[in-house]
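Only one structure is covered here, and it is reproduced in the block below.
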Amino acid sequence: MYLALLVIFLQCSELYTQEKVFTFNTVEIQVQPSVKVKNGDPMSVVCHADISKSTDFQLEHNFTIFKDGKLVFMTVSDKEDARYEVSVARSSDTGDYKCTVEAGGKTRTSDSLHVWVQGMTKPILTAEKKEVLEGEVVKLRCDLPEEAPPLYFFFQKTKMNSTPQQKYVFEAHRNFSVMEFAVEEGDNILQFDCFGKRYVQLGFETSEHSNKTLVTVREPFIKPTLSAKPSSNITEGDRIQFECSTVVARMRDIEIILQKNKTILNSVREEKVLKYSTVATLEDAGEYLCKVEQGRASKTTKLNVHVSELFPKPILVASMNKLDENKELTLSCSISGFRKANFSILRKNSNGDIWLRNSRNLTMRVNVNDTGSYICKAEVKGIVKESKPVRINVYAPVSKPTLSVVSGLPQVVLGKPLRLICRSATGTPPITFTFYKGNEIKKTVINDTYATFLDENIRQNGKRGYKCDARNNHSSGVKTSNILNITVIVPIRNASLGSIPYGEVEDGSETAFLCSVNEGSWPILFRIFKKTDDKVPLFEKNEYADRVMWRKEGMSRQDTGTYYCIASNQANVSVKSHPITINVILASWQKGIIAAFVLIPIAGAVIFTSWWFLWKKKKAKGPSMEMSGSALAANSTSEKLTRQHNDGDYYSGSGYIEDSENHMKSTDESKGPDLESAEVEYTEVEVSTLDPHRDSVENRHSIIRGHPDAT
């Protein structure tokens, strides 16, 4: 029974679980009546969720609507639709809309839908004042109260029968803007309006123009009048008086200014009239400007004045413009068609003209200090006129030029350029210098006191005589320098070092070192170095030759090493030879002494060894020799053959050993008569080493061929 109840409970639980199953099919967003809505009309944004359920059960939905990623509407409902109502659509409602639905732990988002609210509301324009004075400003405010920033505001100022003047302001955070317009001269009745713009889908949307606002302009003063007395057409020397006046509403801050070519001639403040007078000259002819200013307001009046010439400018004439010093110069001043004038002649100077004489003529003897510009002045009825300047050049003759090498000495290294300078100690510039190489003109230079010449074509056997000419505008003519002979220095080429003897040198002997060059101008500085001490030369000599020999006496072991030489001359180029190696060896007599010291002990040892051996042999005759004779003979014979084959150094000698009669008899009796004819052979003794142990063994095994005991 309990088992049945359990089965029924599990089946009921499974059925209940199946009843709660659901899934989102789609989530859609729509705009009514259309995605394009006219500004001011209502619109609805509807979010719909299409959901499939296993059974009919109630499900709670969370709807969220976004515009351009920002939350604009949120609600909770058991229905599958949610509606976001916008009663009055504005351009700020334009954007991308999407909705999200969350139910039972599941969430689904719709696709994005773009909504465009077409048109903008009409802006409202207000002006701070309805009446202003010239020079003041009009302050305006333009509002778009039902629009959301960012917005562009455009303001327009329109004069009577003229094109509107426009300004704009970008407002990123507010839906209104302010602007100021200056009231200019001539403004009367001004009309202002504004409109707005916003950026929509890669373009701009523009609002209607606002209400038009009229502003009346009043003049703070009238346009000034400018007059010239006695007339605007006068003759130079006459006095002319200018008068500028105006009518003002108030005198405070009023200013009147008289100008000519932007130069202020006179000015007055808080007065209605300005006066200015002067004696007329030709320079006073032109346009005059009277300006009245008050605050920002400004008005002007212009007047042209013509001045007739009373007399022309004087003309200064010189008898000569270029002349030698100590010559006579005459200056004459005149006025064409006019003789009654006061003349004066002056010399121009940067610190002020220098008066010379009150006369139309001037004669003087000149020197070089009189070089300069001269003028004359003429005065009639207080009018002074000045002539054009006349340039006078007075010349002193050039001195004989000197030609030298810029570097100092009259020499040049082969292959290097030669720079010469030609100079004249005196003479009025400009001076014309001409350079010659041989008799050929190389260069002409015009300068004040000197000129330089660069000769880059230097050859060993080329022309080496140079000269230069100097002349100016003095009548004395050309001066020529002395001929300058140039020494061409040939650089050192290919230095070599040798020695006699070469390679090996005996200790204490003399060695001759020879350093030579293939080419190079004399004198040549030869220096010989040893490689272990490169800083201090062993030998140094200046030689008027292409080689030098150095004899070094008493060579020693310390002189063994590597030697080289360096040659240089006035070309300042040092050339290094290839190194040579010198090895100092023992002299012949030194070798003899060493050999004597070595061989004498050896010879003594040999003689002593031979004597000792003979002495031992004589002492050893008797039974010992009889007992070991046969064995020693065989062993010594074998060892002799072996040593003759293996030992390289040995000493050969001969000796005769006499034996006693008893010994011979004993031998004859034991060995028989066959050995009677045996001959005596020589004994060989090896002395390659002086080892006592080895010598004793070898002596014991010495063979004495032909000895009777050998059998």
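Note: Cβ is positioned from N, Cα and C throughout, glycine not excepted.
Here's what TrEMBL has on this protein:
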SIGNAL    1-17  signal peptide
DOMAIN    224-306  domain 'Ig-like'
DOMAIN    312-391  domain 'Ig-like'
DOMAIN    401-485  domain 'Ig-like'
DOMAIN    491-581  domain 'Ig-like'
TRANSMEM  593-615  transmembrane segment
REGION    652-711  region 'Disordered'
COMPBIAS  660-674  compositional bias 'Basic and acidic residues'
COMPBIAS  691-711  compositional bias 'Basic and acidic residues'
Considering the domain 'Ig-like' (401-485), which listed stretch of 224-306, 312-391, 491-581 counts the most C-beta pairs under 8 Å: 491-581
For the domain 'Ig-like' (312-391), residues assigned helix / strand / coil by DSSP: 3 helix, 46 strand, 31 coil
Structural state census, the domain 'Ig-like' (491-581) (DSSP three-state): 3 helix, 51 strand, 37 coil
DSSP-assigned states of the domain 'Ig-like' (224-306) in counts, ordered helix, strand, coil: 3 helix, 55 strand, 25 coil
DSSP residue counts for the domain 'Ig-like' (401-485), split into helix, strand and coil: 0 helix, 45 strand, 40 coil
Predicted model, mean pLDDT over the domain 'Ig-like' (224-306): 89
